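Among the features that Swiss-Prot reports, active site, proton acceptor is placed at His22. Annotation source Swiss-Prot lists tRNA binding site at His17, Phe68, Asn70, Asn116, citing sequence analysis. Annotated site 'Discriminates between blocked and unblocked aminoacyl-tRNA' per Swiss-Prot: Asn12, in sequence order. Here Swiss-Prot flags Asp95 as site 'Stabilizes the basic form of H active site to accept a proton'.
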Amino acid sequence: MSALRLIVGLGNPGPEHAQTRHNAGFRFVDALIERSGARWALDSKLFGETAKVEVAGQPVWLLKPATFMNLSGKSITAALRFWKIEPEHLLVAHDELDLAPGTARLKFDGGHGGQNGLRDTIRLLGHGKFHRLRVGIGHPGHKDRVVPWVLGRAGREDDAAIGAAVDAAIDVLPLAMEGNFNEAMKRLHTEKK
């Protein structure tokens, strides 16, 4: 499996969206920034904020699109082109309705599963052959409640669980950085007793 060179967190920009469930991807890359001591810098040609950090001694670019969720592919494809990175070296972190808060899952390839940031990225790339980190936010129970759910803030317990899932994903990230994605998946997906 290919080593990672670009990690993107999906979300919506602006303080009004900062703590929403939909910004679980932003939360992941922000946690990486916090651990590394790096800082975000706005890069208008890439339509987002960028930073370069090291994980397990490997350099990796981080990106937070400033395009709003539904247009995330514009920023992601611009970054891939600019840094000459193939999609197989890309990890996109995003919120996942179909996983409970406290759960995070890695996968490679597939569809968008209704996630509009992934939908736009797949549309612009022409395929879904890239890595994903799915951060569980839970489902409100009925499809009519999805929009207010993802754009709303999680309660204290769910928020703590989402934070724990982000931390668990960061803990296995060195394996993925080294190209050992299957082992990273195995460790992340194994329930802690």
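Cβ atoms here come from the backbone N, Cα and C positions, even for glycine.
Mapped onto this structure are the features recorded in Swiss-Prot.
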residue : record                                                               : contacts (Cβ under 8 Å, 6+ apart)
Asn12   : site 'Discriminates between blocked and unblocked aminoacyl-tRNA'    : Thr20, His22, Asn23, Phe68, Met69
His17   : tRNA binding site                                                    : Gly11, Asn23, Leu151
Asn70   : tRNA binding site                                                    : Asn116, Gly117, Arg119, Asp120
Asp95   : site 'Stabilizes the basic form of H active site to accept a proton' : Leu10, Arg21, His22, Asn23, Ala24, Gly25, Gln115, Val135, Ile137, Val150
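Other residues of the same chain near the tRNA site, with their Cβ within 8 Å of the Cβ centroid of His17, Phe68, Asn70, Asn116, are Gly11, Asn12, His22, Thr67, Met69, Leu71, Ser72, Gly117. Taking every pair among His17, Phe68, Asn70, Asn116, the residues listed as contacting tRNA, the largest Cα to Cα separation comes to 16 Å. Taken residue by residue with DSSP, Asn12 (site 'Discriminates between blocked and unblocked aminoacyl-tRNA') is part of neither helix nor strand, so it is coil.
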